[in-house]
Each structure stands twice: as C-alpha cells, then as structure tokens.
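Undergrad: Below you will find the structure I want to go over with you.
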Amino acid sequence: MTMFHFFNCAILTFGPHAVYYSATPLSEYDTLGTSVKAALVYLGTALVKLVCLATFLKVSENDGFDPYQELLKAVIGFIDVAGLYFALTQLTHRNISQNHKFQAVGLGWAFADSVLHRLAPLWVGARGLEFTWDFILQGLEANANLVLSISLAALGSLMWLRKNKPKTLIPIIYACAGIVATMPSITSYLRRGLGWHFPKVVGFELFTSLSMAFISWQLFSACQRPSS
C-alpha cells in the first residue's frame, strides 16, 4: 500500500510534464534537447540562489514572517528570471518557432524544479506507513508550478524575443511577469504572515496559475496579430 501511494503521488507530480510534452507539438518537433538544456540551466540557477541565500540570509529562530528576509528572498528569486533569460536567448536551439521554444524551456524548467524540490521528500515521506494528503497536495502544487513556469517563459519570450509587440501591452507583460516571478514570496506570506494552511495555499496557487496562463495566452495571441 505504501508503494502504491508513492507511485500515485509520483505520477501526479511528474506525470503532467510527460503528458504535456507528448500531447503538444513539442514531441513532433523533437524539442527534448531544448527542455534538457533548460533543466540544466535551472540547476545552475538553483545553485547560485542557494549560495546567495546561504550568504545573505540569517537563520530565523522562529517560523514567523520576517518582511526584510522575505524581501531579500524575493530579490534573490529574480535570479530565476536571469536564468530564464539565458535559457531563452543564449542557448542554441533547433529550428523551432518562438511558440515551441518557450514551451520547451518552461517545461524543462518546471520538471527540474519538481525533481530538485519534490523527489526526495516524496521518496522518503510517501512510502511511510501512515497515509497523508501532503504529498498529493505537493503533486498538485507541482502542476501549478508547471503552468506558472510555462507562463513565465511565455512572458519572457514576449519581453526579450518579440520586438514588434504593441506598446500598450508592455506594462501588462512586465507586471504579469513580476507577479509570477514573486509567487514564492507571495505564498510564503500567505503561510507565515496570514497563517493559511497548506491546502488553502495550494488552491490559491492552482487558481493563480490558471489565471496567469489565460492572461499570458491572451497577451501572446495579441502580440502575434499583425499591427494595423
């Protein structure tokens, strides 16, 4: 029963990445190499973030919300944006369209994040004797992160790769990218500052991810229309 629970949680956590790749044109255009490169960039970015967090953040004696510490975490979190910029603009890609490029990069980014942050806790915890909903919620959180990562990659593609976008949409694109990039700090505030329980936070992440995906899709579609 414990292994059954582990496999269920693992499929919920990592399965959507494989489904997204196989169900979209990404598999037809063989963009796996782009996703792997993006995953490697994420791992390098995570290492830089870890060094910065260990250098500049002090160990808190309590689990309360510290505005200064969280602000510093948010600033350090923008290293992810720099890594995503490198993955989108500096890596060599196959002859794939901008539409497929940002999806492949976002997919690889999200998969590396799930492996790095959720695989070990899942392996240790989900195989325990006592059933808990926490790992199912972590799987749902990984799904939300997948959607947010692809949304951020889409917004980054509009910011850095598309030159002829409508000027009226530029502030909206940057504002949405800022919201997605600071989601870890927002959820940290909800947990520690407002005392939200994990299921409520995951519900907020799912709702926000779907909302940002819809907005990103609308912005991307609007920027693809020929200017009049």
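Glycine is treated like the rest: Cβ placed from N, Cα and C.
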Undergrad: For the transmembrane segment entry in TrEMBL, name the matching range from 145-163, 202-220.
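TA: It is 202-220 that TrEMBL describes as transmembrane segment.
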Undergrad: Residues sitting near the transmembrane segment (168-190): Cβ under 8 Å, six or more positions beyond its termini, same chain?
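TA: Sequence-distant neighbours of the transmembrane segment (168-190): 65, 70-71, 73-74, 77-78, 80-81, 148, 151-152, 155-156, 158-159, 196, 200-201, 204-205, 208, 212, 215-216, 219, 222-223.
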Undergrad: Are there residues at least six beyond either end of the transmembrane segment (202-220) with Cβ under 8 Å to its Cβ atoms? List them, or say none.
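TA: Same-chain contacts beyond the ends: 99, 137, 140-141, 143-145, 147-148, 150-151, 154-155, 157-158, 169, 172-173, 176, 179-180, 183, 187, 190, 196.
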